[in-house]
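Participant: So TrEMBL says this about it:
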type     : residues : note
COMPBIAS : 1-14     : compositional bias 'Basic and acidic residues'
REGION   : 1-24     : region 'Disordered'
TRANSMEM : 112-135  : transmembrane segment
TRANSMEM : 186-206  : transmembrane segment
TRANSMEM : 269-289  : transmembrane segment
TRANSMEM : 301-318  : transmembrane segment
TRANSMEM : 350-374  : transmembrane segment
TRANSMEM : 386-409  : transmembrane segment
TRANSMEM : 421-443  : transmembrane segment
TRANSMEM : 450-470  : transmembrane segment
TRANSMEM : 482-512  : transmembrane segment
DOMAIN   : 536-673  : domain 'STAS'
Amino acid sequence: MGNGKEREPEKEKLNPSGWPQTPSSQQFNVIRRVYHQDVLNKDADYHLPDKPLSYTAKKAVQSCGFGDCLLNSLPIIKWLPAYKPKTDLIGDLVAGATTAVMHIPQGMAYALLAQVPPIIGLYMAFFPVLVYVVFGTSPHVSMGTFAVACLMAGKVVNEHAAHELPINGTDIAEATLQMTSQYSNVQVLSTLTFAVGIIQVMMWVLRLGAVSTLLSEPLVSGFTTAASLHVLASQVKDLFGIRLPKLGSNYKVVFTVIEVFKNMSNLNWAALIISFITCLVISLNNEVLKPWVSKRSRIPVPIELMAIVIGTLVSKFVDLKTNYGLSLVGTIPTGLPVPEVPPMQLLPDIALDAFTITMVTYTISMSMSLIFAAKEKYEVDANQELLALGASNMFGAFFTCAPMCASLSRSYIQYQAGGKTGITSMVSGALILCVLLWVGPFFELLPRCVLASIIAVSLKGMFMQVAELAKFWRLSKLDALVWLATFLTTVLIDIDIGLGAGLLAAVGALFVRSQRPYTCLLGRVLDTDLYLDIKRYRAAEELPGVKIFHYCGGLNFASKNLFRETLFRKIGYLKGTDEDNLTNKSESYEWDSTLGRKINCVIIDATALSYVDAPGIKSLLSAQQELVSSHITVLLAGANGPVLEMIEKYNSLESEQLQVETFPTVHDAVVYYKMLEIKKEPTITIAT
């Protein structure tokens, strides 16, 4: 690879600590030839990576052997035999019991958001969670009900069900039998859950685990913050004990606020007082008592469970329904539900809603999984999580469950309580089973305003995400605009429209960023081979007659005109008053036809050129021809292998080829140009 050698100091100097000095304090002289790109390719034995179909098929078969597929698809086979009872069992038992205690009030409360009986929330804490233990790769997340997912499911139920399920005093099976011509709430919900599971399994087959990256952090933050307002609006009627008319799907938050003010004279003071006391006690526990207890015990105070127990006892002895007209939870059946096949003919009607819920639940669940994986130093398989969620939802659909999602609050409690493995979820499921078999009817007299209060207080964490807007604004104005667009559209219009608007805003932000790549002119730093931005480094000086243009980003059909215009403005071919204003059109600049007298060479630094397509190469060719016509030499430096290969493919297919000399580094191009200038200088003979 050329004639190169290194010269190092004879004796390496040590700093006071005894270690060698940093590289910046040492000097290395590297001597090698000036390389053209094609010469370097020959010396370094460059070749295209060749992977024939047979090789690819062989690797696929080897990586997907039965044993590997079984181990990868069933993670429980890996971790269960290696389980360590001495170190993990106590933590799993404590965390499982703690999580089960939280599952009961949250499951019953969030089931109301999905427009189904509270018992459905307990089913979700048992059936799909046990399936996730078998297929999931994150032992620290608490799967089950989640406010936003249940609210989105409830919207679909309202749109496609015959009418609202009579939750008070009506059994699930009895209510289903009463509707022979149309779908019940439970049927719509189970079909929706099954559709979500199918989509997730299909995404697993297609290895689309990375699709969650489509939902950026500002989008998810703005969406969940706005969705929490929808959740709160849906509970206002129970918090105040008033009856509201059925509202349309769009502008629901706005209309709810209007209707609440209209019906303030009809509010139930008993419900309002109970709601206020419940919210106050839970809030004081969360803000004062919980931090104090957490320093002394891993087990938090089960304040939500205490609230529903006390609320049930008060309702029983005071007879709140008869004396004060409070709405109660109603009949809670004992035992396990009989599996029932969802009505598959409803699938086409809810497919779009199912895809929306799939994206939201998968993104939130993966985000929580990655947080704990980073803390505990283990890997979470994004594709395997799709299979785990899909299998759990498809199984839960036969038991009238709603789409499953990781809960932020329960997951943190489970982690803090010492949960280590999937045994935590097994313990939690066993305790939930006891509630389903024997304890469920105890909560039939529970006032619904208590469940609404639990939901309202649990939303505090999502409301606090409003503070993230300031962080996004400081980091990037575009991210802040994505947050605002998602939040305002979701709050003012509806959840699914808000998510769509957020996706459009996120894609638009990406497009805007692609239209504003980092470009600059480079100058040489002292007598080195370093070339830096002349506006950021004062020691970087431009070489006489040479302009070195640095372009960072992709050169494609969307950015080709921007590249050409920016190149001409930076080198002075277009004269304008504000060179950095990328929004100005080329018509506002004046062409400088005398540029060839000032500049002899333009070097395009392509070290940060990530991608180029055919229109991009054509734009590069057009710019080269324009400069060559003004007697300016154009050189290309630092282009990576794929970019050079694309240029070669383009030249083999097009009649008008890009013929430009290429170099591995900017310094090679500069030295080469200087050598050309030396050869052009006339020889002067002095006669004596």
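Just so you know, glycine gets a Cβ as well, placed from its N, Cα and C.
Where the annotation comes from TrEMBL, it is an automatic prediction and has not been curated.
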Participant: Ranking 112-135, 269-289, 301-318, 386-409, 482-512 by the number of C-beta pairs under 8 Å to the transmembrane segment (421-443), which range is first?
Facilitator: 112-135
Participant: Would you kindly check 186-206, 350-374, 386-409, 450-470, 482-512 and say which stretch has the most C-beta pairs under 8 angstroms to the transmembrane segment (112-135)?
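Facilitator: Checked against 186-206, 350-374, 386-409, 450-470, 482-512; highest Cβ contact count belongs to 386-409.
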Participant: Counting only pairs at least 6 apart in sequence, do the transmembrane segment (269-289) and the transmembrane segment (186-206) share 3+ Cβ pairs under 8 Å?
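Facilitator: Contact absent: fewer than 3 Cβ pairs fall under 8 Å.
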Participant: Would you report the average pLDDT that the model assigns to the domain 'STAS' (536-673)?
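Facilitator: Here the predicted model's pLDDT, averaged over the domain 'STAS' (536-673), is 85.
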Participant: List, by number or range, the same-chain residues at least 6 past the transmembrane segment (450-470) whose CB is under 8 A from its CB atoms?
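Facilitator: Apart from its flanks, the transmembrane segment (450-470) reaches 105-106, 108-110, 112-113, 118, 147, 218, 221-222, 224-225, 227-228, 231-232, 235, 238-239, 274-275, 278-279, 282-283, 286, 304, 307-308, 311, 329, 408-409, 480, 483-484.
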Participant: If we call contact 3 or more Cβ pairs under 8 Å (sequence gap 6 or more), are the transmembrane segment (386-409) and the transmembrane segment (186-206) touching?
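Facilitator: Counting Cβ pairs under 8 Å (6 or more apart in sequence), the transmembrane segment (386-409) reaches the transmembrane segment (186-206), since there are 3 or more.
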Participant: Please count the residues of the domain 'STAS' (536-673) that DSSP assigns to helix (H, G, I), strand (E, B) and coil.
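Facilitator: Counting residues per DSSP class in the domain 'STAS' (536-673), I get 55 helix, 33 strand, 50 coil.
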